[in-house]
Amino acid sequence: MAQFSDIDKLAVSTLRLLSVDQVESAQSGHPGAPLGLAPVAHVIFKQLRCNPNNEHWINRDRFVLSNGHSCALLYSMLHLLGYDYSIEDLRQFRQVNSRTPGHPEFHSAGVEITSGPLGQGISNAVGMAIAQANFAATYNEDGFPISDSYTFAIVGDGCLQEGVSSETSSLAGHLQLGNLITFYDSNSISIDGKTSYSFDEDVLKRYEAYGWEVMEVDKGDDDMESISSALEKAKLSKDKPTIIKVTTTIGFGSLQQGTAGVHGSALKADDVKQLKKRWGFDPNKSFVVPQEVYDYYKKTVVEPGQKLNEEWDRMFEEYKTKFPEKGKELQRRLNGELPEGWEKHLPKFTPDDDALATRKTSQQVLTNMVQVLPELIGGSADLTPSNLTRWEGAVDFQPPITQLGNYAGRYIRYGVREHGMGAIMNGISAFGANYKPYGGTFLNFVSYAAGAVRLAALSGNPVIWVATHDSIGLGEDGPTHQPIETLAHLRAIPNMHVWRPADGNETSAAYYSAIKSGRTPSVVALSRQNLPQLEHSSFEKALKGGYVIHDVENPDIILVSTGSEVSISIDAAKKLYDTKKIKARVVSLPDFYTFDRQSEEYRFSVLPDGVPIMSFEVLATSSWGKYAHQSFGLDEFGRSGKGPEIYKLFDFTADGVASRAEKTINYYKGKQLLSPMGRAF
């Protein structure tokens, strides 16, 4: 067991006071949790395998602060370890464009993933543990432990009240993730006051039922020996994740300790001074770090971590010699590169090919891609036969003892846990090694995972949502399952690809974009109903996010659509010309995000000035204002019935589109029209 002495106590006091000083400097933040949690953080990081000079070393231990509001503690710890934080960075805590934002963000040194909304961090940690287990099972060889790292997380009462943590903790227990160790900061205080007002369950019994190893430390404010002993015991558990309940005092040492008042406000000046006196620091000085604390962390954490990194590098060089194929593949993944020519395996389609639901063309794409992309790891939230996310011959990611699969398997059975699936995918992506996670559910149920979807965009995790049954076209399941507002919501999220392909070629383009994406997640919305392979659909043009799929000279109107409505718009355009000699251009706009990043010249060549533009999409119209003068869509809930009959009910037919196109032309006749894309700034 690790030994602790006065230098450890000094290090903990330094952590506490640096955290308090940050909050004091900003006059904003959360001093309570750092004061109580500092001993836990010290114990974790004292044994953490990391290298601040190579923070992305693949075999490092991961640490996730799920209760991200206590990030002043994390920044203090990372500064002491020599990560790229100066004292001035700590002084700039919570200031605009600082490197120390109010909750941990991935762009800050040493921060594995953006956390803050409670419950997300522990769920991301489950994803990291899954990735590590898969990575180890794929690449480890006898005598060559390429991956044997742990994932550590700190969570609070609030994290464990959030539903997403229940989803992911349940799955982690089922998957027997012995590489996951979580510390539960039980301080009995919430923003409202005592947690007993709303939360009195036996958390450890719940986690025991999930299949976790459970432990308890009663005196977390200062009993580093017991914390360390529990951690070492947790490492012995190879077939269960571990949760260690540590009873702490929020705001330990403060005049307000043990109260809700110390949670989220700066301490008063006299309180800060008495804290510093209590722990032997000058009460009139701030951001003080004794040199012996820097030296201690360098000796106990930094130098051993550098040595382990160097030993790993030497081992990897030998590995590449002994296992050249695996070594080459692994080096490529560590470089963040894709296999040369991988895109040639994307299926191409012609108008002579059978009409297929885009969920089926998606299945063809995924089946081809998993053969050439070992970093592609997928699953579904208990909708595999509907999402068509599993390929023939797939091996499930399961504990080998269950005989249901193994840890080298790349198909994850998430169960009915959409939010958990999203947060886990974020963690898999954040693990590194170029992992490309995808997860399937109905488009409408992506809303269950809104928190994780938003954090994927904020944290820059390029995960892929395979979102089938993308409209009223799903039919009989009715309005509870039919998405209306969902795409508008997703399109409103910054840094988010939202693809709705019209046929097979556009589906291939959507996946090409999603797989190539560096720091932008993707939602691929796919139809349940069959759609024709369109005559002028283009993989290359679709990669621009929008293009002219049916053109005429001097159009009287432009119809712009996505997905299943593109073919209807083309039929409407032909009908308009055959019956009224009205000339209609049709534009397919499968991804707004990509289209918006094309040159102004290209965008205005597709949707120019001087022509009325009408959008047609059988979902909410609210996201179409910047592309169309008029929108035809569905701003009410759908109906239960056969898909084609529901389309007819709302007049979503070629005749219905043609009629509204004619009305749009007449309305704007004689008026000077600028493209809706035109903007002053």
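Even glycines carry a Cβ here, placed using N, Cα and C.
Taken from Swiss-Prot as is:
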type	residues	note
ACT_SITE	GLU418	active site, proton donor
BINDING	HIS30, HIS263, ARG359, SER386, HIS469, ASP477, ARG528	substrate binding site
BINDING	HIS69, GLY116, PRO117, LEU118, GLY158, ASN187, HIS263, GLU418, PHE445	thiamine diphosphate binding site
BINDING	ASP157, ASN187, ILE189	Mg(2+) binding site
SITE	HIS30	site 'Important for catalytic activity'
SITE	HIS263	site 'Important for catalytic activity'
Nearest recorded site to GLU418 (active site, proton donor) by CA-CA distance, among binding-site residues HIS69, PRO117, PHE445: PHE445
Binding residues HIS69, GLY116, PRO117, LEU118, GLY158, ASN187, HIS263, GLU418, PHE445 (thiamine diphosphate) - maximum C-alpha distance in whole Å: 34
For ASP157 (Mg(2+) binding site), nearby residues of its own chain (Cβ under 8 Å, 6 or more apart in sequence): ASP185, SER186, ASN187, SER188, ILE189, SER190, THR195, PHE199
Tertiary neighbours of HIS263 (substrate binding site) (same chain, Cβ under 8 Å, six or more apart): HIS30, GLY32, ALA33, ILE189, SER190, ILE191, ILE250, GLY251
The one of ASN187, SER386 whose CB sees the fewest other CB atoms within 10 Å, among these binding-site residues: SER386
Nonlocal neighbours by CB distance (under 8 Å) for ASP477 (substrate binding site), same chain, sequence gap 6 or more: HIS469, SER640
For SER386 (substrate binding site), the one of HIS69, PRO117, GLY158, PHE445 that lies nearest, given that the binding-site residues are compared by Cα: PHE445
Site diameter for substrate, Å, by largest Cα distance between HIS30, HIS263, ARG359, SER386, HIS469, ASP477, ARG528: 49
Lowest local Cβ density among HIS30, HIS69, HIS469, which the record lists as binding-site residues, within 10 Å: HIS69
